[in-house]
Amino acid sequence: MGKGGMSVLLLLLFLSFCSASDQKWRKAMISTDKGSSMMMNRVGSSILFPIHGNVYPTGYYNVTITIGQPPKPYFLDLDTGSDLTWLQCDAPCVHCTEAPHPLYRPTNDLVPCKDPLCAALHPPGDYKCESPEQCDYEVEYADGGSSLGVLVRDVFSLNYTNGIRLSPRLALGCGYDQIPGASYHPLDGILGLGRGKSSIVSQLQSQGLVRNVVGHCLSGRGGGFLFFGDGLYDSSHVTWTSMSQEFTKYYSPGIAELQFGGKATGIKNLIVVFDSGSSYTYLNSQAYQTLTVLLKKELSGRSLKEAPEDQTLPLCWKGRKPFKNVRDVKKYFKTLALAFASSGRTRTQFELPPEAYLIISVSTY
């Protein structure tokens, strides 16, 4: 649901931010065994959330956030491609979609028009409020969805990883007029994790509660975890690349080159954006066509055959018998990689092994 969007929908590619090999890292980071006491003291400023969902067949991931007094749970679509967190809201609601929980009842703690968080939600030079005592907002997403509402403050019930509870008052959108997009999901709202001042992470940082760091690990098998703060990672298990100073609106490492099987594809100057609100990975038309040609060439003469009758995604294959999991076909596919360059020299690679870009469909064609 991120505001940004690349161009053409990929074949059956999706982005898994946590491969099977990463599970060792995850266990080391959140272990509660005897040897973890020292680490837990060190990471007390981090907040951890379980993630639910999957790329296929669900098509989205969500976290549970507890908001309000008394506190109530809400299922939110985590979106690093946008800033504002909002809930479908009984203000009353003009247009609201189906949701798993009752509509959020807003507080009387309105964010005024002059508040810097309100200004951050509007384009420069287009900052006007009909009422000075409140901040109206409207956010639009790449899939055509939108939310219209007013900004309020309310209590978020959160826990540090060392067990300490905190209840900060944070700004969120009370969305009373929603238009569902093409990738509509029946959730209570959006958790905005972008780089702007209004994002939840930025607000927590401004109150001195966590460092301005957001991380997530999405498993190809479904689920994962989300964390705020800088205590839940081991630098020896992280490959680093700096965020672009040119594309500052989103989490973007900048320009990348597409590689296939460790070799250059000739596709360069790809502007990469990491957007958790988009279920699939997208490439522009040239990169998409090049990749499909390489994949088909690699599979030529193999036992896998294209299956145009399977409409799950634009490009599918079938074997002599049904596949149980990606491991059954992993040997036929090569690793993809995005190589990020600095001053013309390759510096960092983000690798996508077959299990990170293949799914097993449940089509019964």
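Glycine is treated like the rest: Cβ placed from N, Cα and C.
Source: prediction; values computed, not measured.
Pulled from TrEMBL:
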SIGNAL    1-20  signal peptide
DOMAIN    61-365  domain 'Peptidase A1'
ACT_SITE  ASP79  active site
ACT_SITE  ASP275  active site
Between the Cα atoms of ASP275 (active site) and ASP79 (active site), what distance do you get, rounded to the nearest Å?
7
Which whole-number mean pLDDT does the model give the domain 'Peptidase A1' (61-365)?
90
